Amino acid sequence: MSQAAIIDGAGFAAGLRARVAEGVTAFRERTGRAPGLAVVLVGEDPASQVYVRSKGKATAEAGMVSIEHKLPADTSQDELLTLVRALNADPAVDGILVQLPLPPQIDENAVIATIDPDKDVDGFNPVNVGRLASGLHGFVPCTPLGCLMLLKDRLGDLSGLDAVVVGRSNIVGKPMAQLLLRESCTVTIAHSRTRDLPAVIGRADIVVAAVGRPRMIKGDWLKPGATVIDVGINRVPADEPGKTRLVGDVAFDEALSVAGAITPVPKGVGPMTIAVLLRNTLVSACRRDGVPISDGL
Ligand SMILES: Nc1nc(=O)c2c([nH]1)NC[C@@H]1CN(c3ccc(C(=O)N[C@@H](CCC(=O)O)C(=O)O)cc3)C=[N+]21
């Protein structure tokens, strides 16, 4: 029986981070300053704290300045908007990331809309959403851009391939579909109301799974040889009582004997998200200071 190649997202991310670090060195020599990333965390959600800590560490390792703002869970929308406006105006800040989700008293859309589109390294501001849809330069959300990098590394030219994106979120599904369309794929967005999901997935050369349901996509739904990108990060009970582990949206063990290649969870898409965030921050700093952006980013 054939065995899928396992796509080394963590390894690719390490390479991208090394290229970003080189780009940061060149940027510092040219401008005398380091790119700055501001990360705003509201509240004490333990998972969010883990992500923010790993982002801060990765930012420093790339030679950039990490500016962390931790606000209490009862922060008002006005207070958060005031901070975002101050970061917009701060010349040392090239990228702004407000960790999502936000507490219920805060309107996420209002916060995202307030971030300067030219510092919006998450690519969530509607101006950047529109730029992506219109084929203009802007910031592309980190997770889908990371998925696209892995796909192009694996497959080269994606033109004409059938791609199915499972999930229609603003953060992953919709921008992923735009990126695949930009690469001239034939794109289908499937979601919870899709009829006969196995049949839709069975036509796809590329499957991007971003539904947030553990092991929902079964191995025998896949077209033999398909390339599978699993964006899901789901915590489930482990075999050992009382312990948990991370699994994706795809039944990985089943998919191994059908797919041509598949990303694992963990060490697949997740590390790419952080590496692309650093990449977007360097790109932002270069654009703001009129420094050319090097190849390989
Ligand atoms: N404004 C905003 N932008 C984000 O980009 C954003 C956010 N809010 N809120 C939370 C999510 C989540 N996220 C992850 C990044 C890296 C891993 C990652 O590296 N995961 C490791 C495993 C980590 C573990 O073991 O828990 C992996 O997949 O190998 C996961 C999740 C970014 N997010």
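Backbone N, Cα and C define each Cβ position, glycine as well.
Heads up, TrEMBL stuff is auto-annotated, nobody curated it.
What TrEMBL says about this protein:
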- 7-122: domain 'Tetrahydrofolate dehydrogenase/cyclohydrolase catalytic' (DOMAIN)
- 141-287: domain 'Tetrahydrofolate dehydrogenase/cyclohydrolase NAD(P)-binding' (DOMAIN)
- G167, R168, S169, I233: NADP(+) binding site (BINDING)
DSSP helix/strand/coil residue counts for the domain 'Tetrahydrofolate dehydrogenase/cyclohydrolase catalytic' (7-122): 62 helix, 18 strand, 36 coil
Long-range Cβ environment of G167 (NADP(+) binding site), under 8 Å and at least 6 residues apart: G173, I189, A190, H191, V208, A209, A210, V211, G212, V231
Set of same-chain residues at least 6 away whose C-beta sits under 8 angstroms from I233 (NADP(+) binding site): L246, G248, V265, P266, G270
Among the NADP(+)-binding set G167, R168, S169, I233, as the record gives it, the longest Cα-Cα distance in Å: 16
Residues among the binding-site residues G167, R168, S169 that border ligand 1 - Cβ under 6 angstroms, in sequence order: none
Coarse DSSP state, helix versus strand versus coil, of G167 (NADP(+) binding site): coil
Mapped DSSP class for I233 (NADP(+) binding site), helix or strand or coil: coil
Under 8 Å by Cβ from R168 (NADP(+) binding site), counting only residues of that chain that are 6 or more apart: K174, I189, H191
Taken over the domain 'Tetrahydrofolate dehydrogenase/cyclohydrolase catalytic' (7-122), the model's mean pLDDT: 97
Other C-beta atoms that fall within 10 angstroms of the C-beta of S169 (NADP(+) binding site): 17
